[in-house]
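Student: Quick one: this structure, given as structure tokens, is what I'll be asking you about.
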């Protein structure tokens, strides 16, 4: 569960000045998000997720002295559905998966998560921070860094680490304990519309992952109002093509080799049958359709 404070800035104001005003919220979940909008601008200025995972339930008082900041108003969105759309951080930071590292066993081992998240993902984030320190990129969101450094197909140095940092967090958020099975609602309807049946979609998705030569990713995306399966090599993701990803499977060997050795198709079958968070995919779909 994630609670979100939406802070609407009616004048240009420093987010650094606003953040200290937030003394907290009753937290029983993993994260609190503080999202800032500048009225009159077309897009979100920035969003901060404050990781609280690992702490006991904490009770804070929300204290806002708005008179000190002319034109700033605060509102709390109580819709947990809106607050919990599982998307990567906008900042260049490492946060843990939204479940314990052993929570996906026996389908994905704790050892795999310790290496994959604790070492591989961490190194992408650490290396990216070093690459962008002191540059204009340091003030941009992670998604914007990915798009900018892709550089129209001529990637600059930070691209691989930026894209891999984004891809990996999106991957963790695509899974859940007791996942798999089948989706329902609008997601299922659109899968049937665009692939003929749910089984056809699963077959196409697994084939995309199994046939991605070398390292890469298999994606379910929204493009021009339709669902489509894509695969991409190395760090490349659909963001750079203007598509909206709603599901991903990591097919780099380090994602599955400790548990499945060279049996990538078995890993992909288990991913679809036991690990996919259809709740996460459905929420991403709704957001993608709203923004299209």
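Quick reminder: no glycine exception, Cβ is built from N, Cα and C everywhere.
Any TrEMBL annotation is an automated prediction that lacks curation.
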Student: Select from 58-77, 78-97 the stretch of residues annotated by TrEMBL as transmembrane segment.
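Tutor: Here TrEMBL associates transmembrane segment with the stretch 58-77.
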Student: Roughly where does the domain 'Manganese/iron superoxide dismutase C-terminal' (183-284) sit in mean pLDDT, to the nearest integer?
Tutor: 98
